[in-house]
Structures are given as C-alpha cells and as structure tokens.
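> Structure below; questions to follow.
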Amino acid sequence: MHIIVGLGNPGKKYDATRHNIGFEAIDMLAKRNNIEVKKLKHKALCGEGTIGGNKVLLVKPQTFMNLSGQSLLDIVQFYKVDPKNIVVLYDDIDIPVGTLRIREKGSSGTHNGMKSIIYLLQTDQFPRIRIGVGKPQFGDLADYVLGRFPKEEIPTMLETLERASQAVETLVKDGIAVSMNRYNG
C-alpha cells in the first residue's frame, strides 16, 4: 500500500491558498482515480482506492500544517507502512510557480509541515513532490503562502496539479526513478 499525503490547512478560509496546494493535488488525484476522500480517521480526511492496480490511501491531514506529522504517524503505525511507500505533496516557495521537484528522500527545507513529519516519523527517507508556488518579491511570507494565486497563475497551477497527479500515478505504478525522470522540472 502507498500512503499519498497532501499537506494543507483545514477550513474553508484556507481553500485554494498556496499553502494548500498539497490538498488540491490530493483532490485532483482522487478525481482522476475515482477515490472519495471523505472518511475522517487518524486526524485526517482519507480515501482508499487503487492506482494502476496498486492499493493507495489518499490523505489530507486535518491537524493544521505545522502538526501534519501527528496524523501521518498515526497512519504509518496503523497500516505498518514502509516509509518508502509514503509520498508527501506540498508547496515550496523556493521553486518557481508551476515547477515540480520530486525527490526520493531529503530534508524538510523551510517547510514546517515537513519538519513535523520528519521529526515524528524519525526519518526523512520517503519520497516527496514539492510543488513550486514562487516567493514574494516583497511583503510578509505568511501572507503570501496563505494568499490565493492571482488570476494569471491559475491556468499554470491547474496544469501543474495535473502533472503532480500523473507523477504520483507513475511513482505508484513504475517507481520513483521513472517519475523523477519524467516529471522533474
């Protein structure tokens, strides 16, 4: 089983914000694969299904971003999943808007949701897909990531969510190396 986690903050006021692009990626993946992500368990909205004949659990933690590790730790302990079968999708301000960076493992960088996950799982040895949301030229970083995409960036981000979904599907079916080669940008 693969655990596919999109990071974000719960609540309507955070819908469609840069920081919730991980949730949006899960929504797109769920739609493409006819999986309902509605069941509340393990402090997350979850949906079980298959991708390319492989069992997956799609997850949107409901703990707020900086505590995402609490939800994922619950899930990993319950399902006894190898960290290599976890995929985390999240926003990254250090990558240009619309760019994907897929890695097999690594540090959290500046992302507090990833810091929580790595700290509580006690490993950074799991795949992740960073979705570029760009960086503000000026102003407060928190306001920027909790803000929405401007109209002119929305088509780019919709296409990016489509590619992120395809990257996850490829990773589940064909492995991380194939996904990295095909979708890293």
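Yeah, the Cβs are placed from backbone N, Cα and C, and that goes for glycine too.
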> Swiss-Prot has Y14, F64, N66 binding tRNA. Which one of N112, N181, N184 is in the same site?
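When Swiss-Prot describes the tRNA site, the candidate it includes is N112.
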> Can you tell me which recorded positions out of N66, D91, N112 are within 10 A of N9 (site 'Discriminates between blocked and unblocked aminoacyl-tRNA') by Cα, answering none if there aren't any?
N66
> Determine, from DSSP, whether N9 (site 'Discriminates between blocked and unblocked aminoacyl-tRNA') sits in helix, strand or coil.
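The residue in question, N9 (site 'Discriminates between blocked and unblocked aminoacyl-tRNA'), is coil (DSSP, three-state).
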> Just report the maximum Cα pair distance in Å for the recorded tRNA binders Y14, F64, N66, N112, no decimals.
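Looking at Y14, F64, N66, N112 as a set, their Cα atoms extend up to 16 Å apart.
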> I want the residues beyond Y14, F64, N66, N112 whose C-beta is within 8 angstroms of the mean position of the tRNA site's C-beta atoms, in chain order.
N9, H19, T63, M65, L67, S68, G113
